[in-house]
Ligand code: SRM
Ligand SMILES: Cc1cc2nc3c(=O)[nH]c(=O)nc-3n(C[C@H](O)[C@H](O)[C@H](O)COP(=O)(O)OP(=O)(O)OC[C@H]3O[C@@H](n4cnc5c(N)ncnc54)[C@H](O)[C@@H]3O)c2cc1C
Ligand code: SF4
Ligand code: FES
């Protein structure tokens, strides 16, 4: 058995022992700890001070753990001297303990500046003066704060801020004094420090800067502090949080090499001492000392690898650390250097003092060498990793500080909690996605099918794919179907269209037969219907079973199996007669809701399937197509006829566009708008196609805008002189979109994919000579238009409008439970 | 063990359009009956276990039906969900000289 003695039972000492135990046995371990406890998480003392955490909650290893692992714990015993020749340690209980290997992990001690009156002549610290390092310190502060009113905290760094905030929760009025010109000056520049100061003051903490404390006032009890400028502040207690110093007293007394800390090499071995190691805040490695836990986790691993012989080559190369402030409501994260140091360092800064937000990044040779986040720290994960590992950075540096548009950054996946809800539509957590991947599903599509993550509004799809990648550890399999138009036919859209044309395939089933080996695929049907109708117009052979229910009954299915009916209301304009009919229908069929939609028309909700034909007949209005992947609406504003700013007759043009292109099927919905001036009341900038009247009788046409799950301003396609030109370009754009976009690809994705320059060239300048063909084909489609609501009079299939749920419940209450619409009334047959 | 089943006649097969499903009420419960493109018949419970969607309104192929509300997928032959939902119940169904006949185990 190798005898290992560890001096210091703090975070580094205990972690090293854990790491040693994890690597095997054969070690007889003795641990000395000056504090009379097992090992606890020192970081959480801030929470104990603020009352956010109970003392019991911060212990890392119970006394039982030491016993179970055969560790001889000498709690409350201080080692006084190390004899490296005799290889023994002497302790203040008189014991002498022999070692084969010695680990020194004595941590740090608070730095107490030389201030008059700090120390009581006999009792050490003046009563009422506290340091903030140990559990005992914390308990003493809490006890004292309970029955005193005013505290001064000396030190405006991390520890001081946490102490100040913690004391406040005990009803103490706190003044924070700091000798430097701004708070957290080791981590922040002056501007950031200024913003932090305001955030801290908003919490009710008084800040005094720069203020060097020169004296503690009061003989028997603390009465105040005095500063170098002669001013003073009255108080009953003082907390010193002015920094830490490596605790090297023992090492020094024992003749070990000490500079600022105990000098160690890359194996954490004390210089010139083959059997003595040091770890944690007490060490100085390659000139650096640390005051955070992350480095000591790394050190403990290396030391354990080395001591146990697990990895003789293990070496510690130093750490890059990031600081985070643990004060509720004041988020600070900082890493690396504070400000640019060289001429060619890049410095990206964003400051919004009012909101307490400040962010900066220092970049050198395309690597992050420093970053500060204040008030909004959600990018810290990426910055930290980029800083630590030298990850490549986005060309647009602003993306380092903000998520622009899309969902979060690449590394978000790894950082998210397992319980984090990724898909808010379908309530799918990161854990569920990861479990599916671990269960063997290695394609994005497969995971989406299995969990339905990303199948709601779709805005989380990027994140889902990142999580899949992360969970598969790089072993993501390419979705073979990713490039196919629909999952059940192994062809891209251009290939599929060519094959369909070549073989004259006019129905969905003939496509499956000819191009998918006769294998029908329910998921592919809707997309094929859309494509074939677009391609063949009148010649398309309709198979009703290939349609989605909405397209079978020309209404949008609702959660209870009823449908919504949205009649066409071109450009949002209606008449008293139409309104009267709508009112009558709503009453007659007891519709639970009549609603003005976001698309400038009226929605009749909760219509029973069997009532649909009658509702249409009585409305006597055309379908508004609110249910299809098709041309939907054209929103308009009142425009030149009424509005004092109107520059063009937007209402008339909107109606003309809607009349012309109504109902055309398309890869995704098409929502348009025409607005009478750039004030944009009809929201034309954020439509699939939006038209804006501008000065001089001209019209701007924007395409690829969105304001749904995705928000995007459209790109300017062209500025034209007349409504006729708007109609012509609109038709061309729609047809080109119909022919080349992927199934369900909205224009907000398609336009940026193909590029607005490309669209301008093809559609405006006719660079590829496509325009005449596009114009002709869209004209044919327009000509083939038939209002589907006329179908009601004669059902297209038997039972087209038969109910499909055993009973219909609408809105809050149960409406009409019967008659249960079963045609074949059951006749008891023979039993078997 | 012989499972006792009662059979019910539901009317002409011709009332069921090819490739589509329709709701029938059998012995007080809803059953969605599908006539597949190859002519074979399938019958499953009519209400989606996910959130009560109308299975008879779903898109179907030779193997599965997709609930129209949230696109959960169920095998028509076994009722099992391919998207992690509880299964649909399956009923034996046949074409008896142009008439739909369904069996309900007692
Ligand atoms: C009725 C209406 C809400 C309202 O009460 O105002 C509505 C209702 C629905 N919207 Fe919408 N949308 C309505 C205007 C909008 C608008 C605003 C607009 O059209 O000016 C948008 C943003 C523009 C856009 O389309 O991007 C909008 C973006 C969406 C989206 C997100 C599309 C996207 O890719 O970003 C969906 C989901 C989808 O398409 O997959 C959606 C889907 C739906 C569906 C069809 C959900 C569904 O599949 O069943 C809702 C049907 C409710 C029902 O049972 O009838 N609705 N929806 C609006 C009908 C407008 C109309 O008269 O046609
Ligand atoms: C209030 C507070 C908040 C903090 N917050 C953070 C934070 O948010 N993030 C972060 O990364 N870090 C934080 N830290 C720093 C972190 O706690 C230290 O980095 C870490 O505890 C250092 O571990 P260590 O083992 O080196 O030293 P310590 O944990 O101090 O352990 C040293 C131990 O050795 C004992 N010892 C010393 N001399 C002897 C001797 N001669 N004989 C026997 N025993 C001896 C001491 O009693 C002590 O228990 C915080 C520290 C404090 C005090
Ligand atoms: S109407 Fe639109 S926004 Fe409202 S719940 Fe339905 S899909 Fe969502
Ligand atoms: S109710 Fe059937 S999928 Fe949701």
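Using the three backbone atoms N, Cα and C, a Cβ is placed for every residue, glycine included.
Annotation for residue A:681 ([4Fe-4S] cluster binding site): same-chain Cβ neighbours under 8 Å, separated by at least 6 residues, are A:637, A:675. Feature annotation from TrEMBL assigns [4Fe-4S] cluster binding site to A:637, A:643, A:677, A:681.
The siroheme binding site annotation in TrEMBL covers A:681.
Feature annotation from TrEMBL assigns domain 'FAD/NAD(P)-binding' to A:3-286.
Residue counts of the domain 'NADH-rubredoxin oxidoreductase C-terminal' (A:322-380) by helix, strand and coil are 4 helix, 33 strand, 22 coil (DSSP-based). Per TrEMBL, the feature domain 'NADH-rubredoxin oxidoreductase C-terminal' maps to A:322-380.
Annotated domain 'BFD-like [2Fe-2S]-binding' per TrEMBL: A:422-469, in sequence order.
Confidence annotation: the domain 'Nitrite/Sulfite reductase ferredoxin-like' (A:557-620) carries a mean pLDDT of 95 in the model. Per TrEMBL, domain 'Nitrite/Sulfite reductase ferredoxin-like' is recorded for A:557-620.
Sorting each residue of the domain 'Nitrite/sulphite reductase 4Fe-4S' (A:628-766) by its DSSP state yields 53 helix, 36 strand, 50 coil. TrEMBL lists A:628-766 with the feature domain 'Nitrite/sulphite reductase 4Fe-4S'.
In the structure as shown, the Cβ atom of residue A:637 ([4Fe-4S] cluster binding site) sits within 10 Å of 27 other Cβ atoms. Between the domain 'FAD/NAD(P)-binding' (A:3-286) and the listed ranges A:322-380, A:557-620, A:628-766, the one holding the most Cβ pairs under 8 Å is A:322-380. Counting neighbouring Cβ atoms within 10 Å of each of the binding-site residues (A:643, A:677), the lowest count belongs to A:643. Note: the [4Fe-4S] cluster site is recorded as A:637, A:643, A:677, A:681; in the same chain, A:638, A:639, A:645, A:646, A:650, A:675, A:676, A:679, A:680, A:682 also have Cβ atoms within 8 Å of that site's Cβ centroid. Checked against ligand 3, the binding-site residues A:637, A:643, A:681 give no residue with a Cβ under 6 Å from it.
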